[in-house]
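**Q** Sending over a structure as structure tokens; questions will come in a sec.
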Amino acid sequence: MLNFFQINKNKELLIALYFLPFFLGWSVGFNTSFYNEFRVMQVILLLFFGLVSWVDRSFIITKIELIFFTYLVIGFFVWDQPSFVITEMLLVYLIYKNFRILNYNNSVTKIVLLSSFLLFMLLPLSLWEYINTGIYDANWYPFPWNIRVYDSCILVLSIFGTWFYISEKQHKNLYLLFLFLAFLAVLLDAGRSATLAYTVFIIIIALYCKPLKLPLILTYISSWLVYLLITYIVSSGSSSMAIARESSSGRIDLWVNGLSCWLQKPIFGCGFYQLEQFPHLSAHPHNLFIQILTEVGLVGFIFLSFIVFKIARHISWNIKQNYFVIAALFAISIDISLSGIYVYPITQMALLWLFVFLLKNSAFNHAQDFTQKRVVISYYQYILALAVYVMIAAWFVYIIIQSFGFAANMPITPPRFWGYGYLLF
């Protein structure tokens, strides 16, 4: 029993362990697709946390959750490609339950942040190559993932770094160094949504954290100056290439067509990948709110609105007293409204821990409103929780076994639960 208590107390350390291969570029080796590897590790981790909470009698099924499962059953007969939709919805449910289960651990956040310095080991070589050749290639990242995955993760890590700079008395220059490198990397990648989100975040922090605003502003400006200097050196040479993109991202077209698709089936949505009927568009709208409305309809959007309302109701919106949380929520809202990257496993886990940090951190007054309180549950509630857990675990085992997710590389589906090449028998 002592071992279980130790596991339950320190389970959040597994979050840091999950991010370590991402920072180092390590592949577990059981699949040629690192996307699928991180997805499987994500599911295993979420299910493990759920199992620990069930043993601890804190895995409780509420009436709202029973309504949610009823919605999935009805959706099975309504959605196109229901297996895809149900898998994603159950994954979202697991993430939600894990937010309820997990406790904030400051050491975990610090380990994740300091480990992320490993991301920048090859950045100087990439910059040197860019200056010499005029060709910038973001191959300094450990994995050849979509660079927007790194940009969104760096945004989350920058929020952590800013908090430690404000709250910690030691190693302040180390945190400023991280913020400098992080924003410089985002600028080099031309990550427009992450740039806008981080800029808004820093502006709010600078306005309401006056004692420390000067170093933060100077660090932000320094990243811009180095980026502009590198761009100037390259543009004055033989190359005319620019890092900054001049093309439109097509977001408005994605949103308009996503809403047009939603109007066809407004109640339950039109399922996944339905935007493929529109030529030259991605499979989802690259906006979390429109994406949910399009794919799972008004009913799914109501569940999202309920969660947002629950969060907003328990947070103080007095910006002078709660400026950091408000700034972080504004920043992440901008990124999820302009980016389609939060379908990736690593960004989902980063978002999960960010919300645990923002809402369950005892440094913020609202933490007690989001911390799950111990309640005595009946035997029937205990068995119901076990039944729900077993069914969800069985579903994911079925999806893993009954798919070509570990074998095919053909572009059958854009990346969602699996990477490209996902087929069901």
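A Cβ is built for glycine as well, from the same backbone N, Cα and C atoms used for every other residue.
Dumping what TrEMBL says about this protein:
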- 178-304: domain 'O-antigen ligase-related' (DOMAIN)
- 13-31: transmembrane segment (TRANSMEM)
- 43-62: transmembrane segment (TRANSMEM)
- 68-96: transmembrane segment (TRANSMEM)
- 108-127: transmembrane segment (TRANSMEM)
- 147-166: transmembrane segment (TRANSMEM)
- 173-190: transmembrane segment (TRANSMEM)
- 196-212: transmembrane segment (TRANSMEM)
- 224-244: transmembrane segment (TRANSMEM)
- 288-311: transmembrane segment (TRANSMEM)
- 323-344: transmembrane segment (TRANSMEM)
- 350-367: transmembrane segment (TRANSMEM)
- 379-401: transmembrane segment (TRANSMEM)
**Q** Looking at the transmembrane segment (323-344) and the transmembrane segment (147-166), are there 3+ C-beta pairs under 8 A, with each pair at least 6 apart in sequence?
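**A** In contact, yes.
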**Q** Are the transmembrane segment (13-31) and the transmembrane segment (68-96) close enough that 3 or more Cβ pairs fall under 8 Å, when only pairs 6 or more apart in sequence count?
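**A** No, since the transmembrane segment (68-96) and the transmembrane segment (13-31) share fewer than 3 Cβ pairs closer than 8 Å, they do not count as touching.
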**Q** Decide whether the stretches the transmembrane segment (350-367) and the transmembrane segment (147-166) have at least 3 CB pairs under 8 angstroms, with pairs required to be 6 or more apart in sequence.
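**A** Between the transmembrane segment (147-166) and the transmembrane segment (350-367), which are separate recorded stretches, there is contact, as judged by 3 or more close Cβ pairs.
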**Q** For the domain 'O-antigen ligase-related' (178-304), what's the mean pLDDT in this predicted model?
**A** 81
